[in-house]
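If you check TrEMBL, you get these features:
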BINDING   A:His2  Ni(2+) binding site
BINDING   A:Cys73, A:Cys76, A:Cys89, A:Cys92  Zn(2+) binding site
Amino acid sequence: MHEMSLAEGIVQLLEDQAKAQDFSRVRQVWLSIGELAGVEAEALAFCLDVVSRDTLADGARFHFVRQPGTGWCLACSQSVAIHARFDACPLCGKHQVQVTAGDEMRVSELEVE
Amino acid sequence: MCTVCGCSKGNVKIEGRAPGGVKFPYRPHHAHAHDHDHDHDRHHHVHAHPAPAIPAEQAAEHQPTLSQQAGGAALHYGQGAAHAHAPGLSQARMVKIEQDILSKNDGYAAQNRQWLRDRGIFALNLVSSPGSGKTSLLAETIRQLGRDTLVYVVEGDQQTSNDAERIRAAGAPAIQINTGKGCHLDAHMVGQALEQLNPADDSLLLIENVGNLVCPAAFDLGEAHKVAILSVTEGEDKPLKYPDMFAAADVMLLTKIDLLRHLDFDVDVCIANARRINPKIKVLQLSSKSGDGMDLWIDWLLLEMNDAQLVKQREVARLRQQIAALEQRLQERS
C-alpha cells in the first residue's frame, strides 16, 4: 500500500539526516520492515528507485530486513509468533491476539559518504 | 507512480488556496540544501570509487547482524559493506538512525493533535471503501446534532468538491481536499485544511478520508479515533480482507442496516471477523436512512465531545492556577 508515499518519506528522511550528520551521498540503506506492516518490499524497491533519482540517494542500494510478526495472546497470556493480523494463536487457536511487534517500518542504518 | 495503488505525488488542491501555493508531498523536488562545506578531495573520491556492488548473499549475511548492533554507537566506520574498502582510506561510513519511515507524517499529526486538544475539539478520521455511505451518514449526523453543536468537516477525495457541497447543504462548514493522484489524506494536508477551516473551540471535527480501506490506515492525521465504516452491502469478511484498517480503527460503524432484510449479510459473523483483527474495536450498527441506531452514535459523539472539552477546561484551569501562583510571588516581592 501507498509505497510511493513511503518512498518519498524515506528519501526526505535521508535528506534531513544528511544535514544533521553532514554527509552528501547515500550508498546503501537498510530498511527494517515488519512482516505485518502491510508493505510490499518489491513495490517499495521500485518506488525508491524512481524517487531517489537525482537526489543524494541516486543509485543507492536498498536492503530490506524483514522483522517477524509477534502478538500477545490474551487467552494464553503470552507472546506468540504470527504471520498475519488475523492469525489465530498457534497455541490455543483463539483469535484474541494483539500485535506487539512486526508492524514497524524503519530506516535502521545507512552507508554514507 | 505507485504500482500497487496508483498514488503519486502532486496535484493536491485545498479549497480556498491558490493551486501551486503548497506542494504535496512536502518533500521539495530539488535535492537537499547544501548548508555544509564541501571538501573537494572528498568529492573527487566519490567519483573515483563508485558504490561497491555487494553480492546478494553478502548483503543477506549482513542482515542478521543489524539487530545485534542495536546498542552500538551512532557512527560505525568501516563496518558492514564498507569492508569492501581498505579501512581508513574510504570516506564511506555507517550511520545508525533507526527512524520510523512515517516519522515526518507522525510529527505533523502530533502538531494537529495538540492544536485540536488546546481547543477542546473532538476529531474523528472516517475511513471506508468508496460508496459505504460516509457522506450521507455525515449529513444525517450534522442534521441530528442540530444547531447547538458546532460541526466542521474536512472532505478528502481524489477530485471534485461534490462532497463538501453536500455537507455545506446539510448546514456545516466544510473544506474539500483533492488529493489528485494520492490515495489518502496525510497529516500535513489536514493541518493546512484546519488553518483554512478554522474550527471553533469545543466543536466536532469530522475528517472524511479518501474512500480506500488500504492506504489511510497507516497515516495518522492527529484524530482522536479512526472510525471504519462498513456497509452491510459489502460482505462480512471485509475486516479480514483489509485487516490493517480494522486494526487501526477504534470504532466500526456497520451502516445501511435498513437493507439487512434484503440481504444474506450475517451481522454476527461480521462483528466476529472485526474482533479477530481487533479485539477492542467498538461496534455500532445504524442506518442514516431509517434512523435506526443513530441515537447511540449521536450519544457517543456528544459524550466524547464532552470529554475533549473537559480536557481543555482542565488545562485552562491548570494554567490559571500557575498564573495566580506567579502573581502571588510577584506581590510578595513588591
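The backbone N, Cα and C atoms fix where each Cβ goes, glycine too.
Note that TrEMBL annotation is computational and uncurated.
Note: A:His2, taken in sequence order from the binding-site residues A:His2, A:Cys73, A:Cys89, have a C-beta within a distance under 8 Å of a chain B C-beta. Looking at A:Cys76 (Zn(2+) binding site) and A:His2 (Ni(2+) binding site), their Cα atoms lie 35 Å from each other. The Cβ of A:Cys76 (Zn(2+) binding site) has 15 neighbouring Cβ atoms from other residues within 10 Å, across all protein chains displayed. Cβ-based crowding with a 10 Å cutoff singles out A:Cys73 as the top-ranked of the binding-site residues A:Cys73, A:Cys92. Using a 10 Å Cβ-Cβ cutoff, A:Cys89 (Zn(2+) binding site) registers 20 neighbours. Each residue contributes its Cα atom, and for A:Cys92 (Zn(2+) binding site) and A:His2 (Ni(2+) binding site) those atoms are 35 Å apart.
A gap of 30 Å separates the Cα atoms of A:Cys73 (Zn(2+) binding site) and the residue listed as 'Ni(2+) binding site'. Cα-Cα distance from A:Cys89 (Zn(2+) binding site) to A:His2 (Ni(2+) binding site): 29 Å (rounded to the nearest whole number). The number of other CB atoms found within 10 A of the CB of the residue listed as 'Ni(2+) binding site', across every protein chain shown, is 29.
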